[in-house]
Amino acid sequence: MSIENNKASVKKVVLAYSGGLDTSAIIPWLKETYDNCEIVAFCADVGQGEAELEGLHEKAIASGASECYIVDLKEELVADYIYPTIATGAIYEGTYLLGTSMARPIIAKAQVEVARKVGADAVCHGCTGKGNDQVRFEGCFAALAPDLTVIAPWREWSMVSREDLLDYLAERNIKTTASATKIYSRDANAWHISHEGGELEDPWNEPSKEVWTMTVAPEDAPDEPEYVSVEMEAGRITKVNGQSYTPYGALMALNEIAGAHGVGRIDITENRLVGMKSRGCYETPGGTVMFAALRAIEELVLDKTSREWREQVGAKMAHLVYDGRWFTPLCESLLGASQPLANLLNGEVVLKLYKGQAQAVKKRSPNSLYSEEFATFGEDEVYNQKDAEGFIRLYSLASRIRALNVK
């Protein structure tokens with residue numbers, strides 16, 4: 001089918017809508033470009049905050065949408081996407097806790113569900129042609145709804161700047177509160193907020209204080225440390241400071257506590273899926289505490305080979321999530337294979353929060369393999385130190401044979 005015939009066949013589109021400048025311009029552009037098709041706006045509430053959602057329905061209708069669905073995904077995001085991912089030990093390139101990446105599959109899934117509900121024949125996103133998100137969304141669409149047409153305006157239209165978008169809306173008498181002077185590109189959800197653009201595009205520039213919005217600057221954090229207790233069952237946080245929470249509630253509580261101490265800031269230059277490098281500043285206060293607590297319990301309960309395997313799975317899982325491959329057999333397999341070890345992650349960790357750091361200082365687990373009796377340097381009745389001699393001879397046998405062959 002030709003591009004023009006394909007455009008003529010699109011009658012109803014579900015747009016991933018944020019209310020920002022880009023998606024506000026996309027609504028009239030779709031109607032003009034796709035033969036006055038019907039536009040249904042869809043917004044995923046993934047914990048980006050009430051300010052981002054306020055007036056969204058009215059704004060979408062004013063821009064030309066026939067309907068606007070705001071779907072609450074907060075609990076599902078944390079319970080079904082974030083917890084399973086971090087329980088594998090996934091962390092991208094050693095530092096990034098995958099905040100944006102983990103939210104994309106659930107948003108795409110919900111968008112497809114709305115499309116099915118309203119009988120749409122196309123879905124649309126506002127991702128740029130240079131970023132990772134276009135691949136993530138469209139990879140999910142391909143896995144969940146290959147029959148739907150996917151529209152990516154940034155790969156079609158001629159507009160290249162915020163000024164172009166503002167002029168486009170002004171010509172059509174569509175009001176917007178956006179300005180041409182927006183400095184940073186931000187993306188927020190319950191797990192984190194990302195910051196890109198502005199002075200951050202030069203890696204020689206230190207991020208200004210205006211970049212950070214979710215955490216206190218470590219140097220301005222309290223001069224006294226705060227201790228926070230985290231309890232978990234099967235790798236899922238169930239209590240914070242002795243109080244029971246839902247998965248989302250626990251994350252919100254830790255975000256507030258850790259953010260006040262400047263915990264969870266990173267400034268990285270990462271390898272994008274599309275081939276280029278990009279610099280991003282990320283704030284993940286509660287997630288940083290959760291990840292540290294999980295690692296602390298892992299140290300107690302997992303034997304050496306289990307931890308080695310877990311590190312390999314975590315590295316692969318991080319790339320799958322980052323690359324938008326959530327709805328794939330391999331991702332499903334890794335999540336399933338990781339669960340038996342995750343089931344062992346029960347216990348309590350006390351973390352010391354101070355000036356940007358979250359340090360596990362106490363930990364205990366009913367599944368702990370650590371024994372003070374075995375580990376002590378004093379005498380015990382279980383471990384005979386003389387037994388180590390035979391073990392060492394066998395362990396080093398290959399090295400011994402190699403050395404003898406050289407002679």
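Cβ coordinates come from backbone N, Cα and C, glycine included.
Checking the candidates A44, A103, A143, A145 against Swiss-Prot: the one annotated together with A16, Y17, S18, G19, G20, L21, D22, T23, S24, G126 at the ATP site is A44. A 10 Å cutoff on Cβ-Cβ distances gives S18 (ATP binding site) a total of 20 other Cβ atoms nearby, all chains included. Classification of S194 (L-citrulline binding site) by DSSP places it within a strand. A Cβ within 8 Å of the Cβ centre of T128, N132, D133, the residues given for L-aspartate, is found for these other residues of the same chain: C127, K130, G131, Q134, V135, R136, V274. The number of other CB atoms found within 10 A of the CB of A16 (ATP binding site), across every protein chain shown, is 22. Straight-line distance linking the Cα atoms of S24 (ATP binding site) and Y96 (L-citrulline binding site), rounded to a whole number, equals 30 Å. Sequence-distant neighbours of S101 (L-citrulline binding site): residues of the same chain at least 6 apart with a C-beta under 8 Å from its C-beta are Y92, N132, R136, V321, Y322, G324.
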